[in-house]
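A.B. asks: Here it is, the structure in full.
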Amino acid sequence: MSFDLSVIPNKNIVLAVTGGIAAYKSAILVRRLKDVGFNVRVVMTQGAQAFITPLTFQALSGNPVHTELLNPEAEAGMGHIELARWADLLLVAPASCDTLAKFAAGLADDLLSTLYLATKSPVWVAPAMNQQMWAAKATQRNLNTLVQDGVHVIMPDAGSQACGDVGLGRMPEPEDLARQVTEYFHKAQRAIAEKFGMLAGKHVVVTAGPTREAMDPVRYISNHSTGKMGFALAAACYAAGAKVTLIAGPVSLDTPNGVRRMNVSSAVQMLDISMQMLDEGCDIFIATAAVADYRVAEVAEHKIKKAGDDLNISLIKNPDIVATIAQQQKRPFMVGFAAETRNVEEYAAGKLVAKKLDMIACNDVSRADIGFASDENAMIVFFAEQYQMQKRDLEKASKQEIAQQLVEAIHDALHYEIEPV
Ligand code: C5P
């Protein structure tokens, strides 16, 4: 599965399995939902238990399976009302004709139909049945009623059926169902972040990774930057509600969910795209890229041939991207990074002023346990003088956690009222 596994925090799904041959697919669906990080509890109707055992679902979901409405033992564990409240989504897959009819009529004579009436969560049904039963007027009438009642119907696929018929009525594959559920939660989460997130309404541009400076058509000068910190920051800014553009040098990392990525190779290209982003309207510019300080003065048109004992190549200075952006009239809030091997704080504070930044995050790359290729980092953050904000020590943590703390630091600085002089 290719969707992002990292961003569904603690959501609860009640998967209701009803009587139909597609029930076997629901076992795999539980696995796929768990893979994404959902908590899953399974409800089975009597009919479902004729096709597959509760034990299968108990093993796969890691939770006891709910099968009865009026069972004192089960009610003492998680009662049906509690289960109805626990659900962030009630997903009925497969949904039999009978279940659809019960839902449409408002019956409450078993656990699932009662749960349907008792839950405030969204309800999704994935009908699966013989094509003739699907086409039956009563089924279509019930479906219409359910849609009017606010139930989301996942349309069945067409194809050959277990009964030998061909037509509409197959339950979509578990991967497809899990993807649809995941996308739904992503969208809901995004809508909240866009409204209430710390960076809601902001366009953030992040530069990340190394740059590659060509020598000839096959060789280049570069560095060991992996881009991990920049990618983590792009993801954290997106999670905080921002629109994010990630200008990435050559790295082998997946693009974070929701982030617009623009790939570049050289420092000059990175500056070009950064300036374009400024024209587009950029509120916060975060420069994590390890930009090569120099580039080859004249890139050879053809592969440089071996000849003689030494080879002299003339280098010229690359533009300083972050400093160039900071000099523009309509400048965004500027965040720089400094990787130093000594006098870390002193050099970082110097760069903050020299490059006209609003904030700088620095780390000591001489420490073997953090920095470049590591998954962890530790940083000290300084703010420009006008913010009158104390420096912050971000203790060693995963790059994701550090990114989150940097987002908070940016948010705090943006909300700092600069006193009029
Ligand atoms: O001067 P130094 O390379 O140490 O500065 C680091 C900071 O400046 C980082 O934020 C880096 O992304 C940015 N930078 C840049 N363009 C350069 C060199 C550094 O944007 N040519």
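Heads up, the Cβ atoms here are built off N, Cα and C, so glycines get one too.
Predicted automatically and left uncurated, TrEMBL annotations should be read as such.
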A.B. asks: Looking at TrEMBL, which one out of Phe333, Phe337 binds CTP in the same site as Asp293, Lys303, Pro319, Asp320, Ile321, Val322, Lys351, Lys355?
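C.D. replies: My reading of TrEMBL gives Phe337 as the candidate in that site.
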A.B. asks: Near Asp293 (CTP binding site), which residues of its own chain have a C-beta under 8 A away, given they sit six or more steps off in sequence?
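C.D. replies: Sequence-distant Cβ neighbours: Lys317, Asn318.
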A.B. asks: Looking only at C-alpha atoms, tell me how far Pro319 (CTP binding site) is from Cys163 (active site, proton donor), rounded to the nearest Å.
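C.D. replies: On Cα coordinates alone, these residues lie 69 Å apart.
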A.B. asks: Could you tell me the maximum Cα-Cα distance in Å between the residues recorded as binding CTP, namely Asp293, Lys303, Pro319, Asp320, Ile321, Val322, Phe337, Lys351, Lys355, rounded to a whole number?
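C.D. replies: Farthest-apart Cα atoms in Asp293, Lys303, Pro319, Asp320, Ile321, Val322, Phe337, Lys351, Lys355 are separated by 38 Å.
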A.B. asks: Here are some recorded positions: Cys163, Pro319, Ile321. Which one has the most Cβ atoms within 10 Å of its Cβ?
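C.D. replies: Per the Cβ count within 10 Å, the most buried is Ile321.
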